[in-house]
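Okay, so here's the structure we're looking at.
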Amino acid sequence: MLKAIAHKVFGSRNERYLKGLRPLIEAINAFEPQIQALSDDAMRARVAELRQEVAEGRPLDDVLPETFAIVREASVRSLGMRHYDVQLIGGITLHQGKIAEMKTGEGKTLVATLPVVLNALSGKGVHLITVNDYLAKRDAAWMGKLYGFLGLSVGVIVHGLDDQQRQAAYGADITYGTNNEFGFDYLRDNMKFYQEQLVQRPLNFAIVDEVDSILIDEARTPLIISGQAEDSSTLYARVNALIPMLRRETHFTVDEKARTVLLTDEGVARMEDVLKIDNLFDPANITLQHHVLQALKAHHIFQRDVDYVVKDGQVIIVDEFTGRLMPGRRYSDGLHQALEAKELVQVEAENQTLATITFQNYFRMYKKLSGMTGTADTEAVEFREIYGLEVISIPTNKPMVRKDFPDLVYKTQREKFEAIAADVKDLHKRGQPVLVGTVSIEKSELLSDMLKKTGVPHDVLNAKNHEKEAEIVALAGHAGKVTIATNMAGRGTDIVLGPGVTDLGGLHILGTERHESRRIDNQLRGRSGRQGDPGSSRFYLALDDDLMRLFGSDRLKGLMDKLGMEDGEPIENRMVSRAIENAQKRVEAHNFEIRKQLLDYDNVMNQQREVIYSRRRELMGSDEPETFVQEHIEEIVDEIFAPFAALKGEPDPELLEVAAAQIEDILDYKIELADGGEAEKQAVLEAVTGRQRELAETAGAHYKEVARYFLLDSLDRHWKEHLLSMDHLRDGIGLRGYGQKDPKQEYKREGFELFQQLIYNMRDAAIRALSRVRIRAEVQEQEFQHKDETANVQYSGPAESAEDAKKEPKRREAPKVGRNDPCPCGSGKKYKKCHGAK
């Protein structure tokens, strides 16, 4: 009640924000006559002066009105387009690090030029992030005319560029590219060995186009760079052949909402019988158990032509949000291999994670982040909670006149599609263009076959023919055109109405199913009614649609039966629409929780990643890597002799033997310790340090590179093993809940212990190698050139788990584990016989 009164008196937060921008808009408009009077050269010269002023410390906010006025005039002269006042509002919103929600056709591409030019004045780089290579190249070429007119340089990051081309693109004032390319470049940079090989500058300011798609839809998809692990392709084929023997509900259960599969007791017994093993859950059989579950997922959760397609003997992932094919991307954790075995194509070798990051953590590294989209308001809470981004709805330049008709609900898929085909035929007869949105390739092809039978000419736009995407979308608004599009394929290309279409009612949007997110439905609707054009939309649903089936259609079915509805007769009322919206809200909340969980777990990894990556940068950029070597040697010697400093009386001979063995193992120095006192400690330190000095004299100028090589090589090898250990920990952490422990807290605690172990292991391995290296006086620098880790790797999408690795990394003995205690890895062996074995 109080909220409603306050809203009436003061207006909404959005309205107050927009009102507060009026003085700035007036200031920009006041500059216009002055800027219009400048020649092209004078305008360029003024931009150069502004750059100098900003470099000398003048805040960007001070130069905003003049810069925006310059960009507006430059746009008129170079592109023939003038920014409306509402577009200036969008530009200010983006500059202030917020999300600008702008309806389709309101010129988001042009709006971005305002904050891009303003922030480019700092010389620190501006990244404009799009959803695909086509849009990155198109926008860079199109808006590049404006930037070039003002004397600013533009680069484009697309798939297939080499490091030199990437360095040039990142060195430009403004860089366009896709979220994947930016993220993978960050990971690749943190696998490089020399500073001059780095391609990215520090992350300054990013504008994310279609921000909802990138920061929300793809947030569950970590970026993963992986290399090949040991081959187990024959095992996939063997397990795949056993799957038909298992019966659903009897041998296994499927949870479609959570997309998980579980074996029942009967299923476990059946598998043990056919695999000729005693216990499927024995640690020795963990790989077999994993293969069985992945094969079940491949057969019973992942559907051909919905989740993936088979093309040229390869399983290619279909992006669930855009319907586009994603060649080169592979499911990790052996799921892709299970799908290959299912489809009887060649099974490729499995992968091991080399580097990974989520989009959530990558984008939060930017000093300033903002975004644009046509639909963000439904996820405003998530943007605020996870990214600290406020969503501002920008008013349209002309009022929206599109008519959104209520949903029609049918009993079955058959009735629904027959009604759709009949309505499309009627609309086509009238000449009104129709855009039909489907949720999968399978459904788009089913509808296409039905329309062929009724003689309606049409275009199909799905992952199988996205090469013609822009061309098909550009013509979709012409009279008589019928276009079937999978999901939101074709976003970013405006559908312009052809001659005479306005009189026919504009573009009609026909949705064949509600998406689990209201935002995706709104995106489909938003293709019609751009810039004040007429248009209409309607969704057709069936009680056996996935959303309805999984999230409560029983009450509706009962209602339809009570009403005694005939076959083919739809129901259309508010209660139905409300029930559907509630189902969508439940799914959205469920997905938000999943993304939040992912972030909570990844935050643990992120803190560790930041420490390791900043250490790498420090080593790469250091002129004196030998100082790290000296520090490490001193730390190791201190730790080995620490137990003796606290002792009163004679030390235990066994303890002295252990210490001497450690000195020989890590420092390659033989000594018989008498008492472990300060004198012996200094003797060891002097001997080991002296040998490093000799090494430095022999190697001369190359010693620094040798030291850097061993330090970085050790860091990279152990970081890879640590990623694997963290994956294993993550997979099993859910079981801690059965022991009345919070899995998240346990993951943090155990993850920290593993990380401490990693730090020790990296240090010890580097010094162990450096203590044994022998360098000839005529050493060649390339002998210590590090092989390029990024040469033969794969870039992949969602990492559901990482059970695929076979090798548990060797860990330093932790003080909390006794040598006769059970090993913490879960093998059931004593620690001294397992990971405590030297």
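Heads up, the Cβ atoms here are built off N, Cα and C, so glycines get one too.
As written in Swiss-Prot, here are the features:
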{"type": "BINDING", "residues": "GLN87, GLY105, GLU106, GLY107, LYS108, THR109, ASP494", "note": "ATP binding site"}
{"type": "BINDING", "residues": "CYS823, CYS825, CYS834, HIS835", "note": "Zn(2+) binding site"}
{"type": "COMPBIAS", "residues": "781-790", "note": "compositional bias 'Basic and acidic residues'"}
{"type": "COMPBIAS", "residues": "803-819", "note": "compositional bias 'Basic and acidic residues'"}
{"type": "COMPBIAS", "residues": "829-838", "note": "compositional bias 'Basic residues'"}
{"type": "REGION", "residues": "781-838", "note": "region 'Disordered'"}
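Annotated features taken from Swiss-Prot, shown on the structure.
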{"residue": "GLN87", "record": "ATP binding site", "DSSP class": "helix"}
{"residue": "GLY105", "record": "ATP binding site", "DSSP class": "coil"}
{"residue": "ASP494", "record": "ATP binding site", "DSSP class": "coil"}
Cβ-centroid neighbourhood (8 Å) of the ATP site, GLN87, GLY105, GLU106, GLY107, LYS108, THR109, ASP494 excluded: MET102, THR104, LEU110, VAL111
Where the record names GLN87, GLY105, GLU106, GLY107, LYS108, THR109, ASP494 as binding ATP, the maximum Cα to Cα distance in Å: 17
Spatial neighbours, same chain, of GLU106 (ATP binding site) - Cβ under 8 Å, 6+ residues apart: VAL86, GLN87, GLY90, ILE394, THR396, ASN397, ARG530, GLN531
CB contacts for ASP494 (ATP binding site) [other CB atoms within 10 A, all chains]: 15
Packing count at GLY107 (ATP binding site) (other Cβ atoms within 10 Å of its Cβ): 19
Residue among binding-site residues GLN87, THR109 with least C-beta crowding, 10 angstrom cut-off: THR109
For GLY105 (ATP binding site): intrachain residues, at least 6 apart, with Cβ closer than 8 Å: ASP494, ARG530, GLN531, ASP533
Local Cβ density at LYS108 (ATP binding site) - other Cβ atoms counted within 10 Å: 23
